[in-house]
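*Asks:* Under the heading active site, proton acceptor, TrEMBL lists 17. Sequence annotations record features per position, and here TrEMBL assigns divalent metal cation binding site to 52, 54, 140. Under the heading compositional bias 'Basic and acidic residues', TrEMBL lists 270-281. Taken from TrEMBL, the feature domain 'Histone deacetylase' covers 4-193. Taken from TrEMBL, the feature region 'Disordered' covers 270-325.
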């Protein structure tokens, strides 16, 4: 929103099944909807694209009746969770035709996926002309996923990211599903490199988890012999119908000028700036919880160690640790090849959705 970066990445996000008042499909809160609501404060039109093997039902439901968000989902359809995402689900009211669903069958491979993704997304961009894009990169659409049924490799999955990036619009990349963890790590490593316009080796560097990537210890994965049940006739039929729906849109939707609501971060910043204005005012519990206190500022009780002395800490190590952390954060937000990418810290190796 503040134009500090071209691309923002949160691989711990992408929890697209959660609803306003219920958890669903391993998703307890829909971070995508919250992010899009923030984007709408500055952008008239936001495009949401979902390449998870499951339908992005929570996001579609949230914006089903508005024309300010278009949702596009490529997913397995049929007797499969969450059971939504029919071709006929197109939105309602002002949002009619702004929900785009491409129902797929088992076994779709890289080449077949490319023949549907690029034409559909090209038509969507041409028709809707979004100001910002949110791409959910669920890795359960990869071959060999424990809960998935597609046959995509890192190459096919990554081409979707590459195509969306080539549009040169503000882009938010999110994680999502993924239940074969070693392939999730492979996919999002590859797609981070794509976002940074960097080439990375197919040879995996040695690390603490190296043994999990055997027997070949390579970045790329090979497709299985799963049959592709998506015939050309079936896919062409779906594409034709989607193009007909997009032609029903009268014009590019706009929004009247209005005051921009305060950002959540702005509210916090204002509170921080005013905290010293009245020294007699009680500090709220929220502010108290946010305070960061250096360990060396804390004193132990007189009898804690039996000798009346507080625990000793190595100040040099603490200083070096803070310096290393600062440098790591700086590198994560550095500009590479003219593209600013912000990668927030996420403690989880992979998330579900």
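Going from the start of the chain as shown, residues are counted 1 onward.
Here the Cβ of each residue, glycine as well, is placed from N, Cα and C on the backbone.
Each of these features: where is it, how hidden is it, and who are its neighbours?
*Replies:* Counting Cβ atoms from all protein chains shown, residue 17 (active site, proton acceptor) has 27 others lying within 10 Å of its own Cβ.
Sequence-distant contacts (6 or more apart, same chain, Cβ under 8 Å) of residue 140 (divalent metal cation binding site) comprise 52, 53, 54, 147, 148, 176, 177, 178, 179. DSSP assigns residue 140 (divalent metal cation binding site) to a helix in the three-state reduction.
Confidence over the domain 'Histone deacetylase' (4-193), given as mean pLDDT on the 0 to 100 scale, stands at 97.
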